[in-house]
Amino acid sequence: MIIDGKQAAADLRKILTIEVAQLKKDKGVVPGLTVVLVGEDPASEVYVRNKVKQTREVGMISNEIKLPNDTSEAQLLAVLQQLNNDDAVHGILVQLPLPKHIDESVIIAAITPNKDVDGFHAMNSGRLLNGEPGALVPCTPQGCIMLTKKHLGEDLSGLHAVVIGRSNIVGKPVALLLLQENCTVTIAHSRTKNLAEVCQQADILIAAVGRAHFVQASWIKPGATIIDVGINRIEDENGKAKLVGDVDFANVAAVCGAITPVPGGVGPMTIACLLKNTVAAARLNG
Ligand SMILES: NC(=O)C1=CN([C@@H]2O[C@H](COP(=O)(O)OP(=O)(O)OC[C@H]3O[C@@H](n4cnc5c(N)ncnc54)[C@H](OP(=O)(O)O)[C@@H]3O)[C@@H](O)[C@H]2O)C=CC1
Ligand SMILES: Nc1nc(=O)c2c([nH]1)NC[C@@H]1CN(c3ccc(C(=O)N[C@@H](CCC(=O)O)C(=O)O)cc3)C=[N+]21
Ligand SMILES: [Mg+2]
């Protein structure tokens, strides 16, 4: 079975459209999201364009700030300070990666935690770690849990979840969310020994590696639920660019119980969860 992320994202946006209208009616607040893009990167630009379009479709205000590649860290910090102080801006997202001369950790720390719709600020990751309320939770991990539940239902307790990848934006937070769902969680990474055997234990396998066709059919427990986070641009047989995940989709699909496709899986859910976080931030900031 293929888990349809495009449909799940459309369903979530429909709910958000209603919530946005309600917020406007009750409080006179229209949630606003500002995306900051530094430098030119074709992939980022496509992605930012999608975000802007979908933000407006659910009735929210969307702004995009494009800065040149040679923007200094101090200049970017000044932009963020303005956005932090702007009451019409409820959510701030700085598109990553940033140019090398800018320290990402400094930038992430400079966003007001209650406007940090990526959920990358230490205040939000700390709240998530401690299980405290009010955390803005990273979008891709939220999307992974929603897609998992779409197939397995609300109760994931006792299932063995294996996460491949330990980045701050995907691997670590998705592992914390799975733990919160009472899964038994294993986090694998580039130093993991016997990765195939580790993965064979997984009822739920989350692949966030960044390598095309990395996860093999022989690693999969029959019937397992596979969430493929990877976004890899490769060339097909005819030299045409195409998008694939981290999982050898065709062969794994024959063994597993359910799998998310790329494109059309986690990606669309990431954007829908960004809109969800912006609505949550608008509630936090009044
Ligand atoms: N669909 C979406 O919305 C999103 C998709 N992505 C995609 O997800 C993928 C992962 O992103 P991100 O977490 O940022 O990537 P990172 O490069 O930050 O992390 C990759 C992780 O994979 C691990 N890894 C690398 N090689 C191996 C290996 N041979 N065996 C086991 N583990 C390995 C690394 O281990 P170690 O820590 O030891 O180096 C690291 O923890 C990328 O393809 C990215 O494009 C990312 C964000 C959103
Ligand atoms: N501050 C920040 N926050 C992020 O969340 C963030 C980021 N920086 N930098 C880049 C990564 C990557 N990422 C994706 C989100 C959606 C799709 C997506 O919608 N993908 C579509 C396909 C899009 C296409 O065709 O290119 C799909 O999978 O169906 C892809 C990738 C968010 N990221
Ligand atoms: Mg950098």
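Glycine too: its Cβ is placed from the backbone N, Cα and C atoms.
Remember, TrEMBL labels are computer predictions, not curated facts.
Copied over from TrEMBL:
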type	residues	note
DOMAIN	3-118	domain 'Tetrahydrofolate dehydrogenase/cyclohydrolase catalytic'
DOMAIN	138-283	domain 'Tetrahydrofolate dehydrogenase/cyclohydrolase NAD(P)-binding'
BINDING	GLY165, ARG166, SER167, ILE231	NADP(+) binding site
Nonlocal neighbours by CB distance (under 8 Å) for ARG166 (NADP(+) binding site), same chain, sequence gap 6 or more: LYS172, ALA175, ILE187, HIS189
Sequence-ordered binding-site residues from GLY165, ARG166, ILE231 with Cβ under 6 Å of an atom of ligand 2: ILE231
Secondary structure content of the domain 'Tetrahydrofolate dehydrogenase/cyclohydrolase NAD(P)-binding' (138-283), with strand meaning DSSP E or B: 56 helix, 30 strand, 60 coil
Neighbour count (Cβ, 10 Å) for SER167 (NADP(+) binding site): 16
Nonlocal residues around ILE231 (NADP(+) binding site), in sequence order (Cβ under 8 Å, 6 or more apart): LEU243, GLY245, VAL262, GLY267
For the domain 'Tetrahydrofolate dehydrogenase/cyclohydrolase catalytic' (3-118), residues assigned helix / strand / coil by DSSP: 60 helix, 19 strand, 37 coil
